[in-house]
């Protein structure tokens, strides 16, 4: 709505837009000045003052009357340059800078009638089609308009996501072993962290910071691996004497002990009610916790200790890594690996399946390898390789973005956040003074916890939150500071 104090007409002087009346010249309908309205001829508005009314007056100055054989308006030639400039500007904004050189379609000439026949019109298309312009929709935003015309670029500038460089919480973890082949940290779907410290297992409840000791092993036995079931409160504990204990963490009771391995159990992985365990005896045992038997099948193929195990998100494939520098892929119907990858030149402990792309598997090699490799198990192809410059200890994918985290040992002891598939570094986090041997991700997919031989657990906020959730986590503001886990 216009300001009433400017650019408005006198409400007592209505103007008919359909009349030929010119307010600057006197009316010629009557030469008798005595019959004129008093003071009418004395009204001379300023030439710069715009006149507005409450009716819409269409403007046909930009219409192409020649296209339909209509006579041109005398004033159309005066606005031709401005119309052409506007048309060129609009075409550039919509279809890119290259479209400014496109020639308008030729207007067909009107045929000359003579002796009942018409002359042939030139053969031209009124409507012209062009090939698809592959231009991003966001390039049409107003703030991109100037850059489009200048040809600077069409992609919007993305503001890099800020990743805190310091952990938001540190837990002291006495007796956390500095052993590359063990897996002593896991985070449950119920937001409870399990940590194996010496011969004991401790639980840290992330919602309230409460620490509970779950168990103490007997006979000088030590904890070599822990693994939460995908749902519920059951925790599997691998031991140095080759046994696997199953605990109900909500009641603090051990429900059963499963045997079968001759040496320590360093790797555990769940798939629904099926539990896989990898041992230093080079074998993998498939266990169904609903069955009475200790295990239902035995997988053989590795020539050295099995130190990495991960089930795929669809529970159809199991990836295993060993100290024999091999990465194998198994299914539920065979006791022999269906895929074998031998490109790594050091032990393969770091294994992670992508939750975003079916069959995408990432693996990392030890000190003599230092590479992260990507595989497509559906097509059995090696996709890419990234030399990280240091021992790769763990890998985990983000649940909310196409990113992954790797933890490293010799010689930089760092944590690196990568963007896949470009493998550009988003952030590098430091703080551990020993190899970062342990890694787990929170159930909401935003936080990770890392453990090292420096006997500390550090919590980092590295991944973005899902769009359906708030950025705040129930892990919470009350978790800041440094405390002990036992």
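Just so you know, glycine gets a Cβ as well, placed from its N, Cα and C.
Curation plays no part in TrEMBL annotations; they are all automatic predictions.
If you check TrEMBL, you get these features:
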type: COMPBIAS; residues: 20-35; note: compositional bias 'Low complexity'
type: DOMAIN; residues: 171-460; note: domain 'CDC20/Fizzy WD40'
type: REGION; residues: 1-44; note: region 'Disordered'
type: REGION; residues: 467-486; note: region 'Disordered'
type: REPEAT; residues: 216-257; note: repeat 'WD'
type: REPEAT; residues: 299-340; note: repeat 'WD'
type: REPEAT; residues: 429-462; note: repeat 'WD'
Secondary structure composition of the repeat 'WD' (429-462) [DSSP: H/G/I, E/B, coil]: 0 helix, 19 strand, 15 coil
Summary of DSSP states over the repeat 'WD' (299-340), given as helix, strand and coil counts: 0 helix, 21 strand, 21 coil
Summary of DSSP states over the repeat 'WD' (216-257), given as helix, strand and coil counts: 0 helix, 23 strand, 19 coil
